[in-house]
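Feature list (source: Swiss-Prot):
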type   : residues : note
DOMAIN : 1-58     : domain 'IBB'
REPEAT : 105-145  : repeat 'ARM 1'
REPEAT : 148-187  : repeat 'ARM 2'
REPEAT : 190-230  : repeat 'ARM 3'
REPEAT : 232-271  : repeat 'ARM 4'
REPEAT : 274-313  : repeat 'ARM 5'
REPEAT : 316-356  : repeat 'ARM 6'
REPEAT : 359-398  : repeat 'ARM 7'
REPEAT : 402-441  : repeat 'ARM 8'
Amino acid sequence: MSLRPSERVEVRRNRYKVAVDAEEGRRRREDNMVEIRKSRREESLLKKRREGLQAQAPVPASAATGVDKKLESLPAMIGGVYSDDNNLQLEATTQFRKLLSIERSPPIEEVIQSGVVPRFVQFLTREDFPQLQFEAAWALTNIASGTSENTKVVIDHGAVPIFVKLLGSSSDDVREQAVWALGNVAGDSPKCRDLVLANGALLPLLAQLNEHTKLSMLRNATWTLSNFCRGKPQPSFEQTRPALPALARLIHSNDEEVLTDACWALSYLSDGTNDKIQAVIEAGVCPRLVELLLHPSPSVLIPALRTVGNIVTGDDAQTQCIIDHQALPCLLSLLTQNLKKSIKKEACWTISNITAGNKDQIQAVINAGIIGPLVNLLQTAEFDIKKEAAWAISNATSGGSHDQIKYLVSEGCIKPLCDLLICPDIRIVTVCLEGLENILKVGETDKTLAAGDVNVFSQMIDEAEGLEKIENLQSHDNNEIYEKAVKILEAYWMDEEDDTMGATTVAAPQGATFDFGQGGGAAQFK
């Protein structure tokens, strides 16, 4: 449904803020998912292959030759796996595990083709022989770390429910390897993730996360938990909600890996409707998330910021929770420090959702000293950051009071908003036009109150070369932008421009013309 320009400001605020089945809310989250994909190194890996203890050593040039030699002994290894002798079974399974653990290009396909996967799955059930269970689980973990087809082989042989059962094993090593395997399966795709969850993996996984858990298990279990929460379409929130209390504890860890994966899990769980956001808030995570906005490692800071940003897409009360925990000074530091582009972009996005709130929330942003640095980014930053800063300023003009909007102008927002009117992004042009229109309304009110004949802000826009740009937008291909430009010119410049423009007819799309002559300036459609 297309909206008249006059309707867009309020609809944009409501949709962008509440984000319930909202076009704008979805746009933000989709953009951010692209950002996640682009910065995969900042996020945990979808799958992890467990390498051997010697993996830290340099790989000799002859490594490939060694693999070929081992593949030559495959028939003997297969024989050992299928023998009835426990020692031969363990020795052969360990050889396969080592083969699958080499650092570069492990021969996963060749191992699958050798037909040993169903036997490894059988070995998972050998409670009498935990060492064999462990080696088989490790081998299957590494097979599942491969392609989706490789993972499917592990699933199709019935390994998932057995791995879930192994989360209750008396062997620490077996439990940890089962956690890792389930993380690899869940990380393959939303379909595989849902299969793992449907097999009841979440609660026994959460049981691994207690004060006695060793660090390697803590890291693996938190990573697997993040894979359980990740992906689009999202898992059922009722299935993943039980993870919230554990995540609320994990974000107090001192370990960077645990912190990173716990914050990513929270970012996935908070990405959605207000009921999800409320559940995340009620888990008590907000104070710690705000603290983590100042974490020295970007790998922790980015998912913490993403989660805070998701929370402020909620309603005003949910946004206030973040403000009350002193997030604004942290966001200010993210804008002003020499941090990477993606962090500044996310910080501006977060602020734009706060300025889409009520007047008190806009005032909190002003009081935090954020507007000046925001305007500076709007003027000087890369385009991706400018776009988010434009939303933040425009939202503030939409919901701000008369005095708040005058403050935005005093901080220099007019010139950079005018400069963006020639950018190629249609949505940003519209956002800037809306911001300028809201500023002009305040100037008009001031003009009336002072019984004067000059709208000071229209003069400032003219001096910033904004008037010329708005006039040029009358020939824009996008009808919505054309209509908005005409509306602004008609409301704020027509009287002043009558003499200079005379009866000039400005070309307009779709057969419309706009005449600034004596006829009063109605658009005529022919």
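Every residue, even glycine, has its Cβ placed from backbone N, Cα and C.
Helix, strand and coil residue tallies for the repeat 'ARM 3' (190-230), in that order: 29 helix, 0 strand, 12 coil [DSSP]. Residues 45-48, 50, 108-109, 112, 117-118, 121, 124-125, 127, 130, 133-134, 137-138, 140-141, 193, 195-197, 199-201, 204-205, 207-208, 214, 216-217, 220-221, 223-224, 227-228, 230 of the same chain, all 6+ positions outside the repeat 'ARM 2' (148-187), place their C-beta atoms under 8 angstroms from a C-beta of that stretch. Mean pLDDT for the repeat 'ARM 1' (105-145) in the predicted structure: 98. The helix, strand and coil residue counts that DSSP assigns across the repeat 'ARM 4' (232-271) are 28 helix, 0 strand, 12 coil.
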